[in-house]
């Protein structure tokens with residue numbers, strides 16, 4: 001669904017409306033069935049998030065793209081910590097309805113600021129809407145107190161024609177070239193670009209083209225592993241804190257006391273704060289050692305943190321181990337959202353990231369069966385073992401990605417070649 005909506009780069013507006021409306025109505029749900037249905041709609045709306053990361057990435061220079069994407073991801077972490085704090089304040093006194101209702105309002109900011117949000121110039125150029133692209137570039141240059149660089153403008157589109165010095169720029173599709181070209185600059189007539197615009201179904205099929213199929217399938221594995229482990233760790237934080245009394249036959253279990261509930265909120269808040277060092281770690285290494293090594297290293301370190309949890313540990317040690325694992329998995333989640341848009345050209349970038357994110361949601365759907373179901377059944381060792389397997393496979397999938405994207409320029413309609421350190425013009 002999001003692949004088709006995001007093709008027009010306005011899908012995130014629809015998803016924001018869906019998220020806010022369903023989120024607010026969840027607080028008014030008259031019964032359990034309607035609550036589940038409305039929360040499902042919230043999940044549908046949240047699935048449009050990759051549109052925003054792909055859009056933001058297209059404004060950032062390659063040299064420090066990783067760092068800026070980490071800064072972008074910081075707001076996710078800030079929201080996580082604020083939500084944990086809000087739950088601690090609201091749930092014990094006002095209940096879950098107030099929590100759901102209050103949690104829906106931040107989405108309104110997206111709706112309010114939507115009309116002030118510029119479209120990506122790259123996207124406009126691939127659509128042949130050159131005048132609008134140049135208008136945005138001029139606004140950006142004025143905002144920064146600078147002028148657009150001199151020279152011709154080029155694009156990576158599949159139609160390559162030599163520039164006629166006498167041609168009228170308003171008649172052609174022109175894009176600022178971030179890299180050097182061999183001979184003459186390349187321009188693309190507006191009508192050809194528009195007539196060859198890829199549709200939603202075509203974009204989906206291109207993800208499995210010979211040039212992209214390996215990257216796409218491996219990316220799906222990584223997104224699945226990230227979502228499974230990230231949301232699983234969130235659930236494990238609460239489940240492992242109450243597992244002792246449920247599974248220890250020598251202990252007396254008399255329900256949740258206020259003290260137990262208070263400890264639960266503290267544990268969730270502490271592990272939520274782990275995302276901040278995770279972001280700092282990602283920012284420190286993503287543009288230095290590269291995307292692949294950053295992700296694989298953090299995946300494997302996450303396995304090390306989880307390993308002791310295969311057996312019962314004291315509560316403080318359990319919280320500390322989950323804190324470390326959350327640092328690593330936050331880092332991998334951040335870096336994969338940097339890497340994923342970089343491997344796809346502009347024409348299918350949002351589609352590629354959106355589909356990968358959707359596959360990741362499957363991991364988020366399955367993880368409660370492991371993190372909640374098995375833990376409640378007193379099968380902690382098996383539950384943690386399954387997390388270990390998923391995280392390890394995700395890290396191994398990263399190793400087999402065909403190329404590194406650190407320092408590479410984004411492409412419009414070409415695929416990065418793994419056999420070369422520069423872009424290759426493999427037409428889509």
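Keep in mind that glycine also has a Cβ here, set from the backbone N, Cα and C atoms.
According to TrEMBL, the feature domain 'Major facilitator superfamily (MFS) profile' maps to 1-406. What TrEMBL lists as transmembrane segment is 12-30, 36-57, 69-90, 96-114, 217-236, 264-286, 293-311, 317-340, 352-376, 382-403.
Using a Cβ-Cβ cut-off under 8 Å and counting only residues 6 or more beyond its ends in the same chain, the transmembrane segment (293-311) has close neighbours at 222, 225, 229, 236, 240, 281-282, 285-286, 317-318, 321-322, 324-325, 328-329, 331-332, 335-336, 339, 380-381, 384-385, 387-388, 391-392, 394-396, 398-399.
On the 0 to 100 pLDDT scale, the domain 'Major facilitator superfamily (MFS) profile' (1-406) averages 75 in the predicted structure.
Counted over residue pairs separated by six or more positions, the transmembrane segment (382-403) shares fewer than 3 Cβ pairs under 8 angstroms with the transmembrane segment (69-90), which leaves the two as not touching.
Contacts between the transmembrane segment (217-236) and the transmembrane segment (69-90): absent, as fewer than 3 C-beta pairs lie under 8 angstroms at sequence separation of six or more.
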